Amino acid sequence: MSINDQRLTRRVEDLYASDAQFAAASPNEAITQAIDQPGVALPQLIRMVMEGYADRPALGQRALRFVTDPDSGRTMVELLPRFETITYRELWARAGTLATALSAEPAIRPGDRVCVLGFNSVDYTTIDIALIRLGAVSVPLQTSAPVTGLRPIVTETEPTMIATSIDNLGDAVEVLAGHAPARLVVFDYHGKVDTHREAVEAARARLAGSVTIDTLAELIERGRALPATPIADSADDALALLIYTSGSTGAPKGAMYRESQVMSFWRKSSGWFEPSGYPSITLNFMPMSHVGGRQVLYGTLSNGGTAYFVAKSDLSTLFEDLALVRPTELCFVPRIWDMVFAEFHSEVDRRLVDGADRAALEAQVKAELRENVLGGRFVMALTGSAPISAEMTAWVESLLADVHLVEGYGSTEAGMVLNDGMVRRPAVIDYKLVDVPELGYFGTDQPYPRGELLVKTQTMFPGYYQRPDVTAEVFDPDGFYRTGDIMAKVGPDQFVYLDRRNNVLKLSQGEFIAVSKLEAVFGDSPLVRQIFIYGNSARAYPLAVVVPSGDALSRHGIENLKPVISESLQEVARAAGLQSYEIPRDFIIETTPFTLENGLLTGIRKLARPQLKKFYGERLERLYTELADSQSNELRELRQSGPDAPVLPTLCRAAAALLGSTAADVRPDAHFADLGGDSLSALSLANLLHEIFGVDVPVGVIVSPASDLRALADHIEAARTGVRRPSFASIHGRSATEVHASDLTLDKFIDAATLAAAPNLPAPSAQVRTVLLTGATGFLGRYLALEWLDRMDLVNGKLICLVRARSDEEAQARLDATFDSGDPYLVRHYRELGAGRLEVLAGDKGEADLGLDRVTWQRLADTVDLIVDPAALVNHVLPYSQLFGPNAAGTAELLRLALTGKRKPYIYTSTIAVGEQIPPEAFTEDADIRAISPTRRIDDSYANGYANSKWAGEVLLREAHEQCGLPVTVFRCDMILADTSYTGQLNLPDMFTRLMLSLAATGIAPGSFYELDAHGNRQRAHYDGLPVEFVAEAICTLGTHSPDRFVTYHVMNPYDDGIGLDEFVDWLNSPTSGSGCTIQRIADYGEWLQRFETSLRALPDRQRHASLLPLLHNYREPAKPICGSIAPTDQFRAAVQEAKIGPDKDIPHLTAAIIAKYISNLRLLGLL
């Protein structure tokens, strides 16, 4: 027995002697042996556990109390610093009562599928066990998946019932658009909580007459009054569970689990979990849609332990929950260990003072983490689901002291395969390595055989639900499962993970990179002769080995070459549209080329990857370690010394540390995006700057084209010395998960004197002669600029455009470039209209005083007659907290201008997406946004932050109208399409442009983009989009028609005209369209999608990055045909008709000319 094993044994003995809860949770060997006996059915197995441990605590979750706000009268939930538990007896009885209720009509019968959407909890576990009692098939849905990803699963499984947590009720209701079961059950529901009750009431109203909605409590109460339902008959081969997985690409596919496999979650002998024999007290944070979540939960219950659940699914309470639970088992994924590691460094950096003994402080902090955060009584630790770096493993084991960190390897399909690289016996029946010649891996390799690992296991899944074709692909002719992982066999039954067979590498943050394609991109650099991209799945970025060109060596010399090559790689990456995580963070310069002779090229001159990894792998891994150490040291130094250091140098160092550059490479005049930063790394920089300087720096400011690092430093200086501006934290609370319209009052944004004077200001000018326009470089904004220039020409007026830039001259140049798209008439028209009528100012609506000097701001306050505001930071990933500054506070800043000097009518461009959290029947054009959407969720769903930020702007405008009499017109736009007048003007990043390019570039389309009817025919459908010229004219015309009112328009195409995506393909194929396209239709949608994706991935880089590929998940299944508009447009259409807007004096239909224009414009821009 090793010293560590001896220490662990003594640790366990001490815990048995000193910790009553630990001792009371000791597993009963008789029960363990009984449930391991053959012939025991799954429901009987669970009954043995529940009755055998009847009086023990089975499940625990945080205690709650209900708190009523004295101002609003609304009741909410507050977490208490303790857990409440239910016993095994109570859990079994509760599940039985629920099963009885679910047996009543509409009854759930054996074999029925039931989808469950929610995070793991006592209620979730109750439902899961009830379904087992009924013989139903549980289909856990991923709460992180978008509705578009859930619908195909619901459609495929056709559930009899959907159970959803209250937090996911909105998504569940949306999912029902594809398949509507008879019953929807809501769990984790508290009737006293206003938001819970209102959500259920809204769902019932929306689904009235089609779906029965019950809360779990109502069903259990109903079940108590009914005769108990007997446990359903079961069979080992009966389907019991579907776990949906899609890997890195492809449509979701459901891995089938028979009852015998589900039993393996409960049995010690199955190999799913480590059979320690110690008490199991666990904190459960993994979802039930992941096999890891089920392993931990049911492994705990079968061991007679207590399974506690984290209080919040976003893990924001993880450390608090850990400290309260004091688990005996730490079953974490690498990301959780990363969080513990970050907490350690943060605490060490916080306490470290000059002259302190760092090693002693680190030991002290580790001891405190071990006892106070992790609870101090763990006896087992496991990591799995993704690779973990050797450095992190070593650090974790130093933290855990006497406990070894077990690294598990397995899959949804095969179960657990390896522990610490060793084959799990008897769970693994057989395995083999097969050669992968295209990657250079062979069983004859020395010193160890290498190849793809194929396995047979006791827990092997039988296949994917209703997907025999995909099932066949993952098994070889001998019945071995293809793991897709390249392994080296380093000893008997011992393996080391090397790579993915498809050479697509998953980085630690979950992003995938295709190394061969990146090598092709970076090989285009004139300074690069050869390049080998190297990645490690435990790291967030790749590295490289670069062989410089002969010219680069002779011109720069080896000693000066690295920064020059680094800059060249960044330039190539920008040109190819690469993401920051695809760019090598650092590289080794190799002056000896890769050749056939030195074994670093294959016979067909491809990179010999195994040999390259063997030759350079150790050096590259050392480079990873050096970079991590350097970054950690630099960030620690910045947190300690940054507050007292000059801002600009500190900012440059912070940007360099986060992006993996050297401070010498980061110039003050560099833009963050030019250094390889994106919106997510900008978010990390914003958080770091807040830690260093104690000020909020919005992501919008960091990524603004007007903000180089020097400008960012100026922003920080101003924020430190000046008056703090409104922020998400000051308005809603830094950690808010819900925001309220009542938070957004004008007095929090605008000084009292301005507000007091506003109602008595001179009325708006009778004639508009001076217009202030934001967002003129945007797609809609440029057309608004042309429209207003044309109108100002008639009245000898002026258009003032506010453009983000460092100077007025640069702002003018940015706006000029917007119109220079290859159409000489457009350029000439713009210049003629602008002569004497156009003023361009460098400014930003998100900045104090719009980023203008005081004299200029006052001039605008005195002279502007109308404000037109289409400007916004449009980002569908960033949270509301980061979009608050540019989109909400920026609107307030413009309102301050609108309410100074004289009242200036305000035209605001919003988005139809604000309606996503509003019941459809309430989402009308004349409703007050504060009334129909008083509270908004903050979550990580698609575009949640952007929609909330535009909602906030609407709320502020309503406030300004009500309090100050400000005329406001809001235009909620949906898809805005290209015009037919000008050449080259496209909104390249939008989904529709990407679709048109992709159809033309691949030459294939599905038989229909929509679901077919019962006879397999195309259905009538409608696509909601309007040409940008019409939208601009409508905004400019209607925006000035209501001088004293607050008016909202839904700018949408409302027609049931049968003009949809299928008709667009017809038009492209028509000889009369002039598109020059020939697009082949493929009847089978799945076949089209597969060929389409393959073709897109094979496109040249520039085309591929402009293609539909990043948004292809929206097309995984045929769309449900919609005829007409998703929101009412009566007010908008009546106003358009009355004002006779557009050629038709009405909302236009989409035409073949618009679709053909996309193709001609894409050709002009060199994308086709």
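Residue numbering: from 1, along the chain as shown.
Glycine residues also receive a Cβ, built from the backbone N, Cα and C atoms like all the rest.
Secondary structure at TYR497 (AMP binding site), as computed by DSSP, is strand. Look at Swiss-Prot and you will find HIS290, SER385, GLU407, GLY408, THR412, ASP485, TYR497, LEU498, ASP499, ARG500, LYS506, LYS606 tagged as AMP binding site.
Feature annotation from Swiss-Prot assigns NADP(+) binding site to THR777, GLY778, PHE779, LEU780, ARG804, ARG814, ASP844, LYS845, PRO870, ALA871, ALA872, SER910, TYR946, LYS950; the stated evidence is sequence analysis. DSSP assigns PRO870 (NADP(+) binding site) to coil in the three-state reduction, placing it in neither a helix nor a strand.
The annotation domain 'Carrier' is assigned in Swiss-Prot to 645-720. Per DSSP, the secondary structure of the domain 'Carrier' (645-720) breaks down as 51 helix, 2 strand, 23 coil.
The feature O-(pantetheine 4'-phosphoryl)serine is assigned by Swiss-Prot to SER679.
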Can you check what DSSP calls GLU407 (AMP binding site), collapsed to helix, strand or coil?
-> strand
Which whole-number value in Å describes the distance between the Cα atoms of THR412 (AMP binding site) and TYR946 (NADP(+) binding site)?
-> 35
Of the binding-site residues listed as THR777, ARG804, PRO870, ALA872, the one whose CA lies nearest the CA of GLU407 (AMP binding site) | ALA872
Quick one: give me the count of other CB atoms within 10 A of the CB of ALA872 (NADP(+) binding site).
-> 27
Reported as an integer number of Å, what is the Cα distance between ARG804 (NADP(+) binding site) and TYR497 (AMP binding site)?
-> 49
How would DSSP class TYR946 (NADP(+) binding site) in three states?
-> helix
Rounded Cα distance, in Å, between THR777 (NADP(+) binding site) and HIS290 (AMP binding site) is 45
Express in Å, rounded to the nearest integer, the largest CA to CA distance found among the NADP(+)-binding residues THR777, GLY778, PHE779, LEU780, ARG804, ARG814, ASP844, LYS845, PRO870, ALA871, ALA872, SER910, TYR946, LYS950 named in the record.
-> 25
Reduced to three states, what secondary structure does DSSP give PHE779 (NADP(+) binding site)?
-> helix
